[in-house]
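For reference, Swiss-Prot has these:
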- 1-27: topological domain 'Cytoplasmic' (TOPO_DOM)
- 28-48: transmembrane segment (TRANSMEM)
- 49-54: topological domain 'Extracellular' (TOPO_DOM)
- 55-75: transmembrane segment (TRANSMEM)
- 76-82: topological domain 'Cytoplasmic' (TOPO_DOM)
- 106-126: transmembrane segment (TRANSMEM)
- 127-142: topological domain 'Cytoplasmic' (TOPO_DOM)
- 143-163: transmembrane segment (TRANSMEM)
- 167-187: transmembrane segment (TRANSMEM)
- 188-208: topological domain 'Cytoplasmic' (TOPO_DOM)
- 209-229: transmembrane segment (TRANSMEM)
- 230-277: topological domain 'Extracellular' (TOPO_DOM)
- 278-298: transmembrane segment (TRANSMEM)
- 299-313: topological domain 'Cytoplasmic' (TOPO_DOM)
- 314-334: transmembrane segment (TRANSMEM)
- 335-380: topological domain 'Extracellular' (TOPO_DOM)
- 381-401: transmembrane segment (TRANSMEM)
- 402-423: topological domain 'Cytoplasmic' (TOPO_DOM)
- 424-444: transmembrane segment (TRANSMEM)
- 445-455: topological domain 'Extracellular' (TOPO_DOM)
- 456-476: transmembrane segment (TRANSMEM)
- 477-484: topological domain 'Cytoplasmic' (TOPO_DOM)
- 506-526: topological domain 'Extracellular' (TOPO_DOM)
- 527-547: transmembrane segment (TRANSMEM)
- 548-639: topological domain 'Cytoplasmic' (TOPO_DOM)
Amino acid sequence: MASTLSPSITPQTEEPPVVPVRIQNAADISVIVIYFIVVLAVGLWSMVRSNRGTVGGFFLAGHDMAWWPMGASLFASNIGSNHFVGLAGTGAASGIAIAAVEWNALLMVLVLGWVFLPIYIKAGVLTMPEYLRKRFGGKRLQIYLSVLSLFIMVALQTSSIIFSGAIFIQLALGLNLYLAVFILLAITAFYTVAGGLASVIYTDSVQTFIMLLGSLILMGFAFAEVGGYESFTEKYMNAIPSVVEGDNLTISPKCYTPQPDSFHVFRDPVTGDIPWPGLIFGMTILAIWYWCADQVIVQRCLCGKNMSHVKAACILCGYLKLLPMFLMVMPGMISRILYTDKVACVVPSECEKQCGTAVGCTNYAYPTLVLELMPDGLRGLMLSVMLASLMSSLTSIFNSASTLFTIDLYTKIRKKASERELMIAGRIFGMVLIAVSILWVPLVQVSQNGQLFHYIGSVSSYLGPPLGAVFMLAIFFKRVNEQGAFWGLMVGLVVGLIRLIAEFVYGTGSCVAPSNCPKIICGVHYMYFAIILFFVSIIVILGVSFLTEPIPDVHLYRLCWSLWNNTEERIDLDAEELETQEEAGGALEEDSEQSRGCLKRACCLLCGLQNTGPKLTKEEEAALRQKFSDTSEKPLWRTVMNINAVLLLGVAVFVHAYFA
């Protein structure tokens with residue numbers, strides 16, 4: 001029989017409930033302290049051993065990263081605290097279908113490694129807007145994508161991560177929200193701003209191990225508590241809250257009864273909350289943007305030792321993406337079984353009493369399971385898991401945002417900036433972004449509408465498809481030009497913003513209180529909207545491109561798939577501007593080590609700004625660029641990677657078929 005969690009709050013209070021502090025024993029606190037010591041130690045170690053004194057060293061880890069930390073960082077950058085809270089919450093509300101969104105990444109991470117990355121590496125770029133500049137020429141595409149990417153990082157990615165992490169921290173420690181967020185961001189900022197991408201990737205590797213270990217232990221406790229898998233499937237379908245009436249509302253049984261297709265990933269195309277055509281096609285379109293053209297993800301792969309290491313990292317990440325179903329979604333469903341009245345509450349006043357949120361408490365499924373089920377010590381380990389997922393994602397976002405700002409925006413403002421100036425600008429912007437993220441927390445608090453993961457998916461569906469369309473056509477269709485790409489992005493942005501603004505104005509509603517948004521705007525499921533927006537963008541891009549002049553092949557060598565293996569010299573569309581910047585940068589002299597004061601030398605040592613050796617000659621720079629743009633592989637390792645990719649695809653087909 002499903003048990004319920006008795007609220008420990010006085011019903012008469014008008015304020016949000018004050019949850020008793022759960023982590024206040026020596027065992028839990030010791031585990032958390034050890035976690036922070038280990039993470040900071042790894043961050044300091046990677047700062048000392050890595051080259052942080054150049055743009056390539058700071059932003060791309062010197063192009064010398066092995067496959068296993070790179071693959072772990074790919075996974076950790078994607079799996080944040082918003083996944084633990086969001087996936088578990090949606091699982092508690094509607095079943096396992098949301099896990100198929102994670103499995104969708106298995107295919108796209110292989111497309112990234114085998115199709116998109118060879119082009120990016122051949123192009124010799126640091127950022128995705130930089131690739132668009134090389135591919136199409138001009139500045140407006142690069143600047144637009146940089147600004148939009150920074151907005152998405154702050155408004156969507158960072159906000160959802162901080163919100164979900166704050167839920168857990170408040171429940172566990174009873175800290176003030178802003179104090180908890182400030183402490184986390186301060187520690188995160190230290191090794192992100194000082195250490196660069198190498199520091200981020202190595203700490204991500206440690207945090208991936210902690211995430212997997214802690215969530216595996218919790219999964220074991222959860223299934224043991226519920227009586228095994230068969231008992232789990234039976235009890236979930238009976239997990240109905242005891243309070244289903246109140247507040248003068250007539251609540252439909254479908255709002256509090258588990259869905260009949262809760263244990264199927266493919267659901268009705270019309271009435272399903274995650275319709276199968278939207279899951280297969282809509283989420284694949286979003287995955288093209290996120291996994292193949294998003295700065296946070298692609299930057300991790302651009303730092304690999306060689307192409308084989310890059311592909312191996314993608315394969316490792318693909319296998320790890322099989323786990324969220326079992327480590328997050330199913331534990332969230334078990335939380336509904338064990339604590340039904342809290343997690344599955346449906347009456348607004350009851351939800352306010354249970355978790356302080358009228359729209360529902362499914363986002364509290366995973367934190368509640370951790371705090372109620374885990375013993376002392378292991379509870380501290382699970383808080384460390386949440387901190388690990390939160391901090392690993394934030395470090396990835398902060399480092400990538402610094403890269404975007406420095407390479408794509410700051411160089412437009414300061415065309416004669418030296419390498420040292422670019423390094424300082426990147427670090428300062430990282431701190432600015434952290435400050436903006438803290439200021440964004442109040443907006444995050446008022447945007448906790450419904451299920452967090454659906455919020456992330458819907459906003460992504462309104463902004464991401466045009467970007468995916470541009471990158472896909474840029475690589476596969478050389479006839480596309482700058483005018484087509486720009487106007488395709490503009491039309492896609494306008495259409496997406498109409499839907500996004502309408503949902504902010506009218507609200508997305510809930511099962512109990514549906515939204516009043518006009519059906520013609522909000523009546524289409526966000527996954528279907530992503531498909532429509534994607535093809536609208538493609539039509540505009542191709543239409544405008546065919547009506548305007550094509551780009552000569554001499555500017556496209558090794559920038560699109562049909563000209564990938566061309567060995568002729570490419571003439572960049574912005575070659576003259578780049579030469580001017582290089583001459584200006586080379587003319588600036590750096591101050592010598594001896595001329596600096598003690599304080600300045602200490603700051604330079606912390607931030608990796610110490611001199612790293614004599615300036616390279618033009619011949620040495622050309623040889624280095626040739627090395628970094630090399631995509632060749634040894635035949636043996638190419639075969640091994642291809643076999644593993646086929647095996648991973650087979651596993652993906654099997655899990656989809658088994659849970660269909």
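Glycine residues also receive a Cβ, built from the backbone N, Cα and C atoms like all the rest.
The transmembrane segment (456-476) makes no contact with the transmembrane segment (381-401): fewer than 3 of their CB pairs lie within 8 A, with pairs spaced 6 or more apart in sequence. The transmembrane segment (527-547) is not in contact with the transmembrane segment (28-48), judged by fewer than 3 CB-CB distances under 8 Å for residue pairs 6 or more apart in sequence. Most Cβ pairs under 8 Å with the transmembrane segment (209-229) belong to 381-401, among the candidate stretches 143-163, 278-298, 381-401. Listed stretches 28-48, 106-126, 314-334 were compared with the transmembrane segment (278-298); the greatest number of C-beta pairs under 8 angstroms is found for 106-126. Just going by CB pairs under 8 A, the stretch in 28-48, 106-126, 314-334, 381-401 that sits most against the transmembrane segment (143-163) is 381-401. Ranked by number of Cβ pairs under 8 Å to the transmembrane segment (28-48), the listed stretches 106-126, 314-334, 381-401 are led by 381-401.
Tertiary neighbourhood of the topological domain 'Cytoplasmic' (76-82): same-chain residues 105, 157, 160-161, 163-165, 168, 204-205, 207-208, 211, 296-297, 300, 317, 321, 324, 386, 388-390, 392-394, 396, 452-453, 456, selected by CB-CB distance under 8 Å and a gap of 6+ residues from either end. Counting same-chain residues at least six beyond the ends of the topological domain 'Cytoplasmic' (127-142), those with a Cβ under 8 angstroms from any Cβ of the stretch are 119-120, 149, 293-295, 298-299, 403-404, 407-408, 412, 470-471, 474, 481-482, 485-486, 489, 551, 555-556, 559-560, 572-574. Secondary structure by DSSP for the topological domain 'Cytoplasmic' (127-142): 12 helix, 0 strand, 4 coil.
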